[in-house]
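As given in Swiss-Prot:
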- ASP24, LEU25, ASN26, ARG40, HIS63, LEU64, GLY65, ARG66, ARG122, ARG166: substrate binding site (BINDING)
- LYS216, GLY304, GLU335, GLY364, GLY365, ASP366, SER367: ATP binding site (BINDING)
Amino acid sequence: MGIKSLDDLLSEGVTGRGVLVRSDLNVPVDDDGNISDPGRIIASVPTLKALSDAGAKVVVTAHLGRPKGEPDPKFSLAPVAKALGEKLGRHVQLAGDVVGTDALARAEGLTDGDILLLENIRFDPRETSKDDAERLKLAKALVELVGGEDGSSAAFVSDGFGVVHRKQASVYDVATLLPHYAGTLVDTEIKVLAQLTEAGERPYAVVLGGSKVSDKLAVIENLATKADSLVIGGGMCFTFLAAQGLSVGSSLLEESMVETCRKLLDDYGDVLHLPVDIVVAEKFAADSPAETVAADRIPDDKMGLDIGPESVKRFTALLSNAKTIFWNGPMGVFEFPAFAAGTKGVAEAIIGATGKGAFSVVGGGDSAAAVRQLGLPEDGFSHISTGGGASLEYLEGKELPGIQVLE
């Protein structure tokens, strides 16, 4: 696909040009403004640094959390601006609004190499509006900040891979108004995901966890036809176990999906692999005493919170021979130490396979958080994606609006 890259833009020369960048800076921030996982901020640095070094006047737009379309101090990008400045090693200005008087004044005062971060784009209800005309109005206001009126030299760089599956003003509509380019991050992500959907090296193993089958159904259906083995763990494995006629106690169960899982097992039984043992507890709590039971022996009064050691052993054997691996979703409640061994064991198996030459991708979201929280080496994997939802939708075979518009 003919998407222009950041290198294409830099080779045209950007000194003195206004460049609007959509970054993904949606990181976890606590009430005191502390960022527990700066992964997405770090991932946004290469594009911003390259543009700033080349003398562009950089205006960055991003969101944090899910504010209700109006300013909310809880979702201010102030702590993000500070952290971004530290990672970049240069000052990042924060506008007090999205496209208001402060943003305009600051944008007009930018000199070559300066970086201005606009306040949370989702403070403006037009960003996520379903009304095309409303979104376009906001997009035009954003374009104005980089002097992008007719005949100007302004440009748009899409670098927020975590939002490319959303048809939003700062992701989609601005790209219809300005010459557009994929930033380093988006460029890398597209190439990596293409390797997972096109003929990669075999055997191809997929590991899916997380709580709900309904969230992953389309990706299971799409990848079950492409993968040699598809490992199911996390909360969603109980709906599959129930589909086999097993009792799952008080474990998470999507009743409405049992029949769907039964059909998937009928159609792809040779590809799908379920846990054979489960770590159970009486309640969903870090201090709830844990015990391991066979998958067909879950007591009525207990819930499964992790896969057991025998499952880890079997999944490790599958993964050790794989040449291409995609992992999305934890195997258990890794936030509680007593229920983290399944996720850690499977992650270590993927790292082991990668060390032997496999191409491995961690599909964003909770899996990436688990890697960091469990103290696993991030460079043990070929690639850790920054976009959970976006990478899943890509692997489902869906068109991503934010990518489509760049083509």
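Placement of Cβ uses the backbone N, Cα and C atoms for every residue, glycine included.
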- Candidate binding-site residues ASN26, HIS63, ARG122, pick with smallest Cα gap to GLY304 (ATP binding site): ASN26
- When you measure from the Cβ of GLU335 (ATP binding site), how many other Cβ atoms are you left with inside 10 Å? 14
- Note on the structure: Integer Å value for the Cα distance linking HIS63 (substrate binding site) with ASP366 (ATP binding site) is 19
- Any idea which of the binding-site residues ASN26, SER367 has the thinnest Cβ neighbourhood at 10 Å? ASN26
- Message: For the binding-site residues listed here (GLY65, GLY304), tell me which residue's CB has the most neighbouring CB atoms inside 10 Å.
- Response: GLY304
- According to DSSP, which kind of secondary structure is ASN26 (substrate binding site) found in, if we only use helix, strand and coil? coil
- Query: About how far apart, in whole Å, are the alpha carbons (Cα) of ASP366 (ATP binding site) and ASP24 (substrate binding site)?
  - Reply: 16
- Task: Specify the secondary structure state of GLY304 (ATP binding site) as given by DSSP, simplified to three classes.
- Result: strand
- Item | Residues flanking the substrate site, with Cβ no more than 8 Å from the Cβ centroid of ASP24, LEU25, ASN26, ARG40, HIS63, LEU64, GLY65, ARG66, ARG122, ARG166 and excluding those residues themselves | ALA62, ASN120, GLY162, VAL163
- Message: Of the binding-site residues LYS216, GLU335, GLY365, SER367, which one has its Cα closest to the Cα of ASN26 (substrate binding site)?
- Response: GLY365
- Could you measure between ARG122 (substrate binding site) and SER367 (ATP binding site) for me? Cα positions, answer in whole angstrom. 26
